[in-house]
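Remarks on the structure that follows.
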Ligand code: NAI
């Protein structure tokens with residue numbers, strides 16, 4: 001009886017958190033893909049989502065029909081790229097997640113995906129800027145260091161750019177960092193918070209172990225851990241042996257980030273996620289985007305936290321990061337200028 005009452009209370013709380021006044025439409029572009037499907041599943045299970053809109057160049061309606069049978073309150077609709085499909089999918093969205101695009105194969109860097117994914121992201125950004133210019137845009141498609149500037153250039157060209165509403169999803173780097181450090185230290189990953197700053201590829205991923213619970217990690221243990229956090233994605237690409245890159249862990253990370261944004265939008269204070277945003281931190285060095293801990297609010301970015309105190313080893317990592325990051329960002333900007 002007690003257990004039943006407890007679960008009823010929980011249900012009431014959940015129903016309240018998803019009340020009509022807090023209705024949130026979330027769109028997923030690339031919803032039938034390796035990330036898109038499990039990400040959409042997790043969003044269907046999120047009581048803060050009232051409407052789920054799923055678009056893909058193929059298979060969107062099938063994924064939507066399947067998910068729509070899950071007995072949670074949100075509605076699910078699938079869209080194809082016919083006349084108004086993408087526009088209808090995007091219209092009135094509060095959050096737009098973009099996992100559309102090709103993933104890596106063994107031996108590829110994220111930058112190798114640029115030629116294919118740049119135009120996919122540019123075209124989806126154009127549609128989003130027209131149909132839902134005030135939505136939060138969460139870019140998952142790689143190379144994130146370049147695709148985020150691509151979205152910003154498209155929004156600027158249409159006069160609707162709001163730097164507070166554009167995010168490169170780097171959550172997976174943080175998820176990996178807490179998991180990997182817990183494996184080394186034999187602790188519970190839930191209690192491990194490792195800030196990861198910079199960008200989202202190879203040496204641009206900068207874990208700050210000195211700001212974790214294990215600041216004293218040093219020598220080979222530290223080097224191996226940092227390398228694993230920077231190149232953890234390669235482990236999955238290699239293990240999948242040509243069948244793609246991280247999808248399930250990425251779906252979890254993307255759903256976590258979307259949930260954080262919805263919590264902040266619904267009034268919760270102190271919601272902080274590391275994410276790649278239009279940032280003042282290194283603008284004086286010509287670097288317009290940078291991932292650091294960001295406090296989220298109803299309008300997106302509320303406050304960008306500085307990198308904080310780093311040690312000599314981490315400063316070297318940061319220096320290497322900034323060199324690559326600048327080139328990656330410029331590549332995205334140049335692409336839109338040359339291919340508007
Ligand atoms: P996938 O190939 O399994 O799925 C991609 C989906 O996008 C497919 O269903 C495809 O039909 C769709 N698509 C292609 N062009 C489209 C367009 N113009 N409009 C709408 N949909 C379109 O690939 P997967 O594994 O889901 O990866 C997607 C992207 O996410 C890749 O670029 C990958 O590198 C990136 N990724 C990002 C991570 C991050 O931490 N930010 C982590 C892992 C992957």
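Quick reminder: no glycine exception, Cβ is built from N, Cα and C everywhere.
Curation does not apply to TrEMBL; its annotations are automatic.
Take the substrate site that TrEMBL assigns to 104, 110, 176: the candidate from 71, 142, 213 listed for it is 142.
Binding site for NAD(+) per TrEMBL: 30, 31, 32, 33, 34, 35, 36, 56, 140, 141, 142, 250, plus 117 from the candidate set 46, 73, 117. For the NAD(+) site, whose annotated binding residues are 30, 31, 32, 33, 34, 35, 36, 56, 117, 140, 141, 142, 250, the maximal Cα to Cα separation is 18 Å. The Cβ neighbour count for residue 117 (NAD(+) binding site), using a 10 Å radius over every protein chain in view, is 23. Here the Cβ of residue 32 (NAD(+) binding site) has 21 other Cβ atoms within 10 Å, regardless of which shown protein chain they belong to. Counting every protein chain shown, the Cβ of residue 30 (NAD(+) binding site) has 26 other Cβ atoms within 10 Å. Residue 110 (substrate binding site) is 21 Å away from residue 32 (NAD(+) binding site) when you measure Cα to Cα.
Considering only the recorded positions 104, 176, 200, no residue lies within 10 A of residue 117 (NAD(+) binding site) on a C-alpha to C-alpha basis. Among 104, 110, 142, 176, the residues given in the record as binding substrate, the maximal Cα to Cα distance rounds to 18 Å.
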